[in-house]
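Taken from TrEMBL as is:
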- 66-75: compositional bias 'Low complexity' (COMPBIAS)
- 76-95: compositional bias 'Basic residues' (COMPBIAS)
- 99-110: compositional bias 'Basic and acidic residues' (COMPBIAS)
- 124-139: compositional bias 'Basic and acidic residues' (COMPBIAS)
- 4-62: domain 'Tudor' (DOMAIN)
- 53-139: region 'Disordered' (REGION)
- 201-223: transmembrane segment (TRANSMEM)
- 248-269: transmembrane segment (TRANSMEM)
- 290-309: transmembrane segment (TRANSMEM)
- 321-338: transmembrane segment (TRANSMEM)
- 449-469: transmembrane segment (TRANSMEM)
- 475-494: transmembrane segment (TRANSMEM)
- 515-536: transmembrane segment (TRANSMEM)
- 556-575: transmembrane segment (TRANSMEM)
Amino acid sequence: MPNRRFADGEVVMGRWPGSVLYYEVQVTSYDDVSHLYTVKYKDGTELALKESDIRSQSSFKHRKSQSSSSSPSRRSTSRSRSRSPGRPAKGRRRSSSQSREHKDDKKKTIQETNLALLKPSENNTRRYNGEPDSTERNDTSCIILEQKLKPDLEIERVLEQYSLRSREEEKKKEEIYSEKKIFETIKTIEKASSKTKELEFGGRIGTFMLIFFLPATVFYLLLMCKQDDPSLMNFPPPLPALESLWEARVFGVFLLWFFLQALFSLLPIGKVVEGLPLSNGRKLQYRINGFYAFILTAAAIGTLLYFQFELHYLYDHFMQFAVSAAAFSMVLSIYLYIRSLKAPEDELAPGGNSGYLVYDFFTGHELNPRIGSFDLKYFCELRPGLIGWVVINLAMLLAEMKIHNQSMPSLSMILVNSFQLLYVVDALWNEEAILTTMDITHDGFGFMLAFGDLVWVPFVYSLQAFYLVGHPTVISWPVAAAITILNCIGYYIFRSANSQKNNFRRNPADPKLAYLKFIPTATGKGLLVTGWWGFVRHPNYLGDIIMALAWSLPCGFNHILPYFYVIYFICLLIHREARDEHHCKQKYGLAWESFS
């Protein structure tokens, strides 16, 4: 291994890369592996040079003095120049203004020379055209000038070729580059972390099967209700002809209903409120006018009945309406998924951003899809399906009276209609509370919610009323009173628990909630440990189950079919319990474990 010749800190002469010019540099370090010296020029530029490109100052000066002494003619020329009358006397310094003028003249000469050298084609054109070329007369002077300024031109060419800059400029560029890289890395990490890693509903295979299983379940329940003996032993029910399941007029009535409710939601009535903050900190605005839409719908239905419109048309074409709603929900889901592909990353749903087409299509890829200010998910959550549920129940009541030649509906039908009407009116009256639910804050709008809002809610939740039309059940007044009390208990638990949760989420410092105790969490939010939420983990679901039981009891105990809603709600409770448990444990950490 060769010995190192120059020490750190030693001032030497370093050759500028690509040239024959040497400049004074300082050795800063030496690499034993590559055998390169890192040197620093006076302007701050640092370069790695070979040992052969470095010379000591003493040898460089000695060689320079040798060359000057070996040329007597140069010495005489030098003496004659120093004694020239036009030059300053020996020992006198040139003024700073003269020095600046000299530098400017030199720079101008270099620029002019560069321009002359960069335009040979123009001179050639003139030469070929027979025009006189002025530069031909000055060839000798140009050559002399080029030779005279060759070192300066060579320095400029080297600077352009190697793009050599001062160390300070390089550091600034490195800082800017590193900041960009850090920003890009953070964005990549955020994008990766926003992906849905844990899949629900059986993952891709499970959601694919549910896309077909959910519509099949609805059609099965409706077909069973139409049977004289809707026993589970009569499975499968006779299937109707495919052409009987579709009618363009029915689909047109469904579209009319959907867009009428959309028109009611756009009316400038009702207050405008803000939802909870999104992941990007933005708050969306919502117009709260669901109860007004219900009143307008009731007025429209009353007008139709006044003009002798037969509302039991819904009962006669109930299966066709269900097929129309299912077809519309599928088309809507496809539209929602296609538009979600262009949605920004921060507008995607936390639970529907897995990257798997079927899963994201089912759970919903975009969190709050909007057309202008019209929020599609928020609208479908309450309006067409929930209000449609009440209209269907009323149609079943009228169909029962017509089919059985009754002047009054049965007590069972009155109870079912009354209980479910209370539930719908409560939801519309407390419309603002839905803005704090997971459907709005967490779940995307895909096939699951579109089918659930437009098909499952109106056609499965009205199953008890549909069942009573074909299977009338007589109950006594004491039984009716007991069922009513049970429904009131369930409603009280449901409403008071939801009100506590909603009010606490919106304003934990509300003086009306001072009696409630909570556990602070790392997210800055609190977990209620008193009231209904300290008594039961999910009191709102408990209230739902009690009410669902009260809705089913008027149908009697001859068949299990009317109790499907109770079974469904228990299964839903188990699923949501597991989902909420996992979600809250991730969100609240140790606070949730102490709460449990």
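Glycine is treated like the rest: Cβ placed from N, Cα and C.
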Task: Top partner of the transmembrane segment (248-269) among 201-223, 321-338, 449-469, 475-494 - counted as Cβ pairs under 8 Å - done: 321-338
Task: Positions whose Cβ lies under 8 angstroms from the transmembrane segment (556-575), at least six residues beyond its ends - done: 221, 224-225, 230-232, 412, 460-461, 463-464, 467, 471, 473, 475, 538, 541, 544-545, 548-549
Open item on the list: I'm a bit unsure how to read this: which one of 290-309, 321-338, 449-469, 475-494 has the highest number of Cβ pairs shorter than 8 Å with the transmembrane segment (201-223)?
Closed with: 449-469
Open item on the list: Within the domain 'Tudor' (4-62), count helix residues (DSSP H, G, I), strand residues (E, B) and coil residues, in that order.
Closed with: 9 helix, 27 strand, 23 coil
Task: Chain residues outside the transmembrane segment (449-469) and at least six past its termini with a C-beta under 8 angstroms from it - done: 214-215, 218, 221-222, 225, 230, 258, 315, 318, 321-322, 325-326, 328-330, 332-333, 336, 364, 377, 380-381, 384-386, 388-389, 392-393, 396-397, 399-400, 403, 410, 412-413, 416-417, 420, 439, 443, 551-552, 554-555, 559, 561-562, 564-565, 568
TODO: May I ask for the residues of the chain that lie six or more residues beyond the transmembrane segment (321-338) and have a Cβ under 8 Å from a Cβ within it?
DONE: 215, 218-219, 222, 245-246, 250-251, 253-255, 258, 314, 357, 360-361, 364-366, 369, 376, 445-447, 450-451, 453-455, 458-459
Open item on the list: Counting only residues 6 or more past its boundaries, what in the same chain has a CB within less than 8 Å of a CB in the transmembrane segment (290-309)?
Closed with: 260-261, 264-265, 267, 269-270, 382-383, 387, 390-391, 394, 424-425, 427-429, 431
TODO: Looking only at the domain 'Tudor' (4-62), report the model's average pLDDT.
DONE: 84
